[in-house]
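Participant: As annotated in TrEMBL:
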type: DOMAIN; residues: 23-297; note: domain 'Sugar phosphate transporter'
type: TRANSMEM; residues: 12-31; note: transmembrane segment
type: TRANSMEM; residues: 43-66; note: transmembrane segment
type: TRANSMEM; residues: 78-96; note: transmembrane segment
type: TRANSMEM; residues: 133-150; note: transmembrane segment
type: TRANSMEM; residues: 156-174; note: transmembrane segment
type: TRANSMEM; residues: 186-207; note: transmembrane segment
type: TRANSMEM; residues: 219-241; note: transmembrane segment
type: TRANSMEM; residues: 253-275; note: transmembrane segment
type: TRANSMEM; residues: 281-300; note: transmembrane segment
Amino acid sequence: MGGTSKTDQKAALDIASWLFNVVTSVGIILVNKALMATYGFSFATTLTGLHFGTTTLLTTFLTWLGYIQPSQLPWPDLLKFVLFANFSIVGMNVSLMWNSVGFYQIAKLSMIPVSCLLEVVLDKVRYSRDTKLSILLVLAGVAVCTVTDVSVNLNGFLAAAIAVWSTALQQYYVHHLQRKYSLGSFNLLAHTAPVQAASLLLVGPFLDFWLTNQRVDAFNFSFVSLFFLILSCSIAVGTNLSQFICIGRFTAVSFQVLGHMKTILVLVLGFTFFGKEGLNMQVVLGMLIAILGMIWYGNASSKPGGKERRSLSIPITKAHKLSSLSETAESDEKV
């Protein structure tokens, strides 16, 4: 009975974490769409810096209240994480500007294979055939309903490659750092948010001026646009936190696969609230294929052998020669 209740509790927390991520992510997409498209605040990098600035205020306040306990994250690991995270943000913004929407979507889809490769190489994870096939089905479904015109140039390809690899590495490191240093989601956010906020607010205005040829300090705020900016920053706190919670619970690959459910949901909400333009049988078919793939992935990856970390077994006769390797294997099992 105890085992069953623990399993049920974990399943309930997994669902709650995922719903939290879906609601905040879809919410921020819709709010940012209004802020940028309707009210003309097209300074994406600066906006992300403001998001992390708001997150920093919250984590500082919660630390002061004692809700976030002091923890350690060495500077080299912190700077490595922030470097990957910031290259991810900047790379995505530049990729969207230099590439067609179709190639931008393909680049986003390629994050799953890259995340899989990182887990195979760095964590010695092994995927079953069903798990691999289910991932391919998700990619095919999302590609069918989102990829339209596909044109590519060298600059755009390089920006997309930097964006994809840095995003995959950033998401891998969320899971890695939480395990390595026993950090909770709030702890990790308290370490990373201030550094990301400072760096993005420093670089953001110059990068946004280069991308849009407009100065953020010259933007003429109205009451409504200011309201949407504050709303965007408020929701972003939940988005940032929920990403860390989900990757900590699911790993980066599962987070990416489930993340495409948000793509489908954004499409459905877009058609519901902003008109049926662009809705056709191809889009509907793609959605259905992607949803089937996600259900298959959830089933395949949860089965024994669906997705497992290989353990390194050392022969006793060679233990004295490979002592350092055996210590590494032990620490991998503990974290």
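Glycine residues also receive a Cβ, built from the backbone N, Cα and C atoms like all the rest.
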Participant: Sequence-remote contacts (6 or more beyond its ends) of the transmembrane segment (156-174), Cβ cut-off under 8 Å?
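Facilitator: Those are 77, 80-81, 83-85, 87-88, 91-92, 94-95, 98-99, 103-104, 107-108, 110-111, 114-115, 118-119, 122, 188, 243-244, 247-248, 252, 255-256, in sequence order.
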Participant: So what's near the transmembrane segment (133-150) in sequence-distant terms, Cβ-Cβ under 8 Å and 6+ beyond its ends?
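Facilitator: Sequence-distant neighbours of the transmembrane segment (133-150): 100-103, 105-106, 109, 112-113, 116, 127, 253, 257, 260, 263-264, 267, 282-294, 296-297, 299-301.
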Participant: Could you tell me the mean pLDDT over the domain 'Sugar phosphate transporter' (23-297), as a whole number?
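Facilitator: Averaged over the domain 'Sugar phosphate transporter' (23-297), per-residue pLDDT gives 86.
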Participant: Would you mind listing the long-range same-chain contacts of the transmembrane segment (219-241), meaning Cβ under 8 Å and 6+ residues beyond its ends?
Facilitator: 20-21, 23-25, 27-28, 31-32, 34-35, 39-41, 43, 47, 50-55, 58, 185-186, 189, 193
